[in-house]
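The N-acetylalanine annotation in Swiss-Prot covers Ala2. Taken from Swiss-Prot, the feature active site covers Cys132, Asp179, His212. If you look up Swiss-Prot, you'll see Ser223 marked as phosphoserine.
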Amino acid sequence: MANEANPCPCDIGHRLDYGGMGQEVQVEHIKAYVTRSPVDAGKAVIVVQDIFGWQLSNTRYMADMIAGNGYTTIVPDFFVGQEPWDPAGDWSTFPEWLKSRNARKINREVDAVLRYLKQQCHAQKIGIVGFCWGGIVVHHVMTTYPEVRAGVSVYGIIRDSEDVYNLKNPTLFIFAENDAVIPLEQVSILIQKLKEHCIVNYQVKTFSGQTHGFVHRKREDCSPADKPYIEEARRNLIEWLNKYI
C-alpha cells in the first residue's frame, strides 16, 4: 500500500505548453510564482506543487485558473531550491530523494508565505490547494493553521494517524478511482476517520475511471471520456474555495 514513507511512483502525465500570467518573486528565503487577481477582493490561495516542482507549467496553469476566479495565487518553492523529481529519474532512488522533502516539515515556508500574502497582497482571507505531494501539505496545513479558511487536497497520500483528522477548517479531498498511488482502501479509511474525529465541514470525492494526476496533469482534450471529470473536479475546487473563503 502506498504511504508517505514509501509512495508509489507517479507519472508526470501531460506537461502543458503554458507560459503563465504571473511573475516570479522572492518571498523571504524562498522563490514563488504569484498571479494577482483582476479583482482585489482581499482573498488569496496558496497553490502547492507536486513532486515535479513549483515551476511545472501545469501547476502554474491551475494557479492562474484560480486567480481568474477572484483570488491572488502564490505557488511557493516548497523544496526551497532543491531539485524537483526528474520524470526520467530512477524510481528506486525516490524514497531517498523524498527524505529531504518532507511535506509535513514546511511550517517555516508556510509562515513566510502567509506573511507575504497579508503584508504585500493585503489578503484577509486565505485558502490552500495542493496536488499529489502538495495534497499532503494541504492536509498538514488544514490540521495546523486555523487562519487558513479552506483547503483542497487533490490526490494527496494519506497517513493513518489520529492527528491528521482534526481539521481546523473545511477541506475538500479529491481522489481518482484508478489511482495507482492511492488505493481506494486508503480513501475509505480517511472517510471513516473523518466521520469519527472531524467536527468541521469536509467532503471526500472520488472520480470514476480517473487516474493519479487527472485534475492538473491531464489535458482536457486528451480523451472525450475524461474531459467531463477533469472539468467537474476543477469546478468543485473553485466552488469549495468560493463557499468557504
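Using N, Cα and C of the backbone, Cβ positions are placed for all residues, glycine too.
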Task: Specify the count of other C-beta atoms within 10 Å of the C-beta of Cys132 (active site).
output: 28
- prompt: Nearest to His212 (active site) in three-dimensional space, by Cα, is which of the recorded positions Cys132, Asp179, Ser223?
  reply: Asp179
- line: Cα-Cα, Asp179 (active site) versus Cys132 (active site), nearest Å, comes out at 11
- request: For Cys132 (active site) and the residue listed as 'phosphoserine', determine the Cα separation and express it in whole Å.
  value: 22
- prompt: Once near-sequence residues are set aside, which residues in the chain of Ser223 (phosphoserine), 6 or more away, have Cβ atoms under 8 Å from its Cβ?
  reply: none
Query: Over all shown protein chains, what is the count of other CB atoms within 10 A of the CB belonging to His212 (active site)?
result: 26
